[in-house]
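These notes are about the structure you will find just below.
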Amino acid sequence: MKVAVLPGDGIGPEVTEAALKVLRALDEAEGLGLAYEVFPFGGAAIDAFGEPFPEPTRKGVEEAEAVLLGSVGGPKWDGLPRKISPETGLLSLRKSQDLFANLRPAKVFPGLERLSPLKEEIARGVDVLIVRELTGGIYFGEPRGMSEAEAWNTERYSKPEVERVARVAFEAARKRRKHVVSVDKANVLEVGEFWRKTVEEVGRGYPDVALEHQYVDAAAMHLVRSPARFDVVVTGNIFGDILSDLASVLPGSLGLLPSASLGRGTPVFEPVHGSAPDIAGKGIANPTAAILSAAMMLEHAFGLVELARKVEDAVAKALLETPPPDLGGSAGTEAFTATVLRHLA
């Protein structure tokens, strides 16, 4: 169980250390054989090496089985050229590992429905996983360009691109509530027709998982009106970009949202939130997203589904018992982590 740890910038080192405490506790209790090494990344790497994704970090990622990432960026590096910015390091990391599927869970924890912008009765029971295709679609399609008179982009997907992200979604659904909603715009776009047909073909290999199709406009409406009906959503790059951001507001705080990026190389697990330089070093950062990212790592990189659920349950109890400041409580990073560890014991 070899992990490359990239704490990054701002609150990244603090929340990553909280996640590592949880992993170390599990390793001690379960004998996981955890081995990890810390590498500079983002702004911290720029300060040390002059680039955000330096060769020692790149090598560490290549040799690891999973990457646990904190956060990158901050005002200190805002004026740098784009090609050496902390955010470019993140894009380079994903590209180097051919990470084609982004997984973004959005869960409203029991007892915290009041945090959601939705009515409590609508928010109750929400637990949705958005699986977004990361490397194809209109963001990368050619030709693309712009003139004085017009601009153009190309929405393009190959069959293997759709098949592989669909498999990720169906495999995830098998470990959850066994229901996949595939989102497209098949009524007006040929790419949507192709997407739908290909997902259906993949779905035949998963007879235990129910498959439903929705147009993207209907899916957006249902995510707001009745989000608890969703289990796993799979969609293309641009629709996934929009729907995952829409779903991210359902729990009520970015501090609750983990993510995973999966592909051919080393998978990356990271909080959705940014580096929050305004609270860095104050000991008040909410480590929930980082701890849940570690739980996703246990599940998706190492197949330890039961341990991942154990971590999620401990976090849910800690959120009710000692909520952090961004959720209306007063528990600092260390105090909240201690509560999680107590419930894991």
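Positions of Cβ are set from backbone N, Cα and C atoms, glycine also.
What Swiss-Prot records for this protein:
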BINDING   74-87, 274-286  NAD(+) binding site
BINDING   Arg94, Arg104, Arg132, Asp217  substrate binding site
BINDING   Asp217, Asp241, Asp245  Mg(2+) binding site
SITE      Tyr139  site 'Important for catalysis'
SITE      Lys185  site 'Important for catalysis'
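Locations of recorded Swiss-Prot features on the structure.
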residue: Arg82; record: NAD(+) binding site; DSSP class: helix
residue: Arg94; record: substrate binding site; DSSP class: helix
residue: Arg104; record: substrate binding site; DSSP class: strand
residue: Arg132; record: substrate binding site; DSSP class: strand
residue: Asp217; record: substrate binding site; DSSP class: helix
residue: Asp245; record: Mg(2+) binding site; DSSP class: helix
residue: Ala276; record: NAD(+) binding site; DSSP class: coil
residue: Ile284; record: NAD(+) binding site; DSSP class: coil
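Cβ neighbours of Asp241 (Mg(2+) binding site) (same chain, under 8 Å, six or more residues apart in sequence): Arg132.
Spatial neighbours are here defined as Cα atoms within 10 angstroms of one another, and by that definition Arg104 (substrate binding site) has no neighbours among the binding-site residues Gly74, Pro86, Ala280. Taken residue by residue with DSSP, Tyr139 (site 'Important for catalysis') is part of a helix. Arg94 (substrate binding site) has Tyr139 as its nearest neighbour among the recorded positions Asp78, Tyr139, Ala280, Ile284, going by CA to CA distance.
With respect to their backbone Cα atoms, Asp245 (Mg(2+) binding site) and Arg82 (NAD(+) binding site) stand 24 Å from each other. Annotation for Gly74 (NAD(+) binding site): spatial neighbours Asp9, Gly10, Gly43, Pro86, Ser275, Pro277, Ala280, criterion Cβ-Cβ under 8 Å with sequence separation of six or more. With a 10 A radius on its CB, Asp217 (substrate binding site) counts 12 other CB atoms from all the protein chains. Across the fold, the C-alpha of Asp217 (substrate binding site) and the C-alpha of Lys185 (site 'Important for catalysis') stand 8 Å from each other. The Mg(2+) site is set by Asp217, Asp241, Asp245; from the centre of their CB atoms, other residues of the chain with a CB within 8 Å are Val216, Ala220, Ile238, Phe239, Gly240, Ile242, Leu243, Ser244, Leu246.
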